[in-house]
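Notes follow the structure.
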Amino acid sequence: MAFISSGYNPAKPMENRITDIGPRKFTEFFPPVIAKNAGNWDYHEILEPGILVHVAKNGDKVFTVRCGAARLMSTSHIREACEIAKKFCNGHLRFTTRNNIEFMVDNEETLKALVADLKTRKFAAGSFKFPIGGTGASISNIVHTQGWVYCHTPATDASGPVKAVMDELFEEFTSMRLPAIVRVSLACCINMCGAVHCSDIGLVGIHRKPPMIDHENLANLCEIPLAVAACPTAAVKPITAEVNGQKVKSVAINNDRCMYCG
């Protein structure tokens, strides 16, 4: 009855059926100039570091401003990016696979105003909120794995080391004086979900010692059977440990079998 009341007709089961319940089709989010010229672009050029122009066969142009951004952003920072997009780009923006934000406009006057606005937006310490660069023969934005904020296997955090590295390499992000584009990535452990092995320079955090066991709290922090099953070398086994005169369920590590995966 619930299905019938919602409009479902048993006699015509395919009528008004929704067959795609995933994300909306990506073409719905194109800026008008890109939607108009999809598949009909003639060429593109890098006008200066971080600024590109794509020219369609009919002469239409779209100017793209690429800004470096963090992988993990605050809601206030995202809202500010949306505010910029609403002010200059009719509400359109896009994120690249290397955590850049791209703002797209269709005329040079708006482009100049957008760039001038981005250069005035700084954090309290003076660093740019939306640094322009990452195109051509430069260092692209660093991609990294999840880090301590969520993942339970990292040997190091991600955001701190990435910030420190990019502080040193910032000039190469905003210029194009290298022989070719250079990609730098960081993985917090050897699982390398950030695909650092596909980058020119990979920073990998590794565990050097077997894990220490907190027998008192282990059973309250994880499911012991899953912890045992997760070990790829069978180095973890369940035991009954004694803590403050009480027996508790815990695990023991076979150090000779441990591969330090985290």
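Note: Cβ is positioned from N, Cα and C throughout, glycine not excepted.
As given in Swiss-Prot:
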BINDING   CYS151, CYS188, CYS189, CYS193  [4Fe-4S] cluster 1 binding site
BINDING   CYS193  siroheme binding site
BINDING   CYS231, CYS258, CYS261  [4Fe-4S] cluster 2 binding site
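Overlay of Swiss-Prot annotations on the structure.
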residue: CYS151; record: [4Fe-4S] cluster 1 binding site; DSSP (3 states): coil
residue: CYS188; record: [4Fe-4S] cluster 1 binding site; DSSP (3 states): coil
residue: CYS193; record: [4Fe-4S] cluster 1 binding site; DSSP (3 states): coil
residue: CYS231; record: [4Fe-4S] cluster 2 binding site; DSSP (3 states): coil
residue: CYS258; record: [4Fe-4S] cluster 2 binding site; DSSP (3 states): coil
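Cβ proximity to the [4Fe-4S] cluster 2 site centre (mean Cβ of CYS231, CYS258, CYS261, cutoff 8 Å) flags the following additional same-chain residues: PRO210, PRO211, PRO232, THR233, ALA235, VAL236, ILE253, ARG257, MET259, TYR260, GLY262. A 10 Å radius around the C-alpha of CYS189 ([4Fe-4S] cluster 1 binding site) takes in these binding-site residues out of CYS231, CYS258, CYS261, in sequence order: CYS261.
Same-chain neighbours of the [4Fe-4S] cluster 1 site beyond CYS151, CYS188, CYS189, CYS193, judged by a C-beta within 8 angstroms of the site's C-beta center, are, in sequence order, THR145, GLN146, GLY147, THR153, PRO154, ALA158, ALA187, ASN191, MET192, GLY194, GLY205, GLY262. With the fewest other Cβ atoms inside 10 Å of its Cβ, the least crowded of the binding-site residues CYS151, CYS188, CYS189, CYS193, CYS231 in this structure is CYS193. If you take the CA of CYS261 ([4Fe-4S] cluster 2 binding site) and look 10 A around it, you hit none of the binding-site residues from CYS151, CYS188, CYS193. Other Cβ atoms within 10 Å of the Cβ of CYS261 ([4Fe-4S] cluster 2 binding site) number 17 in total over all chains. The Cβ of CYS258 ([4Fe-4S] cluster 2 binding site) lies under 8 Å from the Cβ of PRO210, PRO211, THR233, ALA235, each of which sits 6+ residues away along the same chain. You'll find the Cα of CYS151 ([4Fe-4S] cluster 1 binding site) roughly 16 Å from the Cα of CYS231 ([4Fe-4S] cluster 2 binding site). A Cα-Cα distance of 18 Å separates CYS193 ([4Fe-4S] cluster 1 binding site) from CYS231 ([4Fe-4S] cluster 2 binding site).
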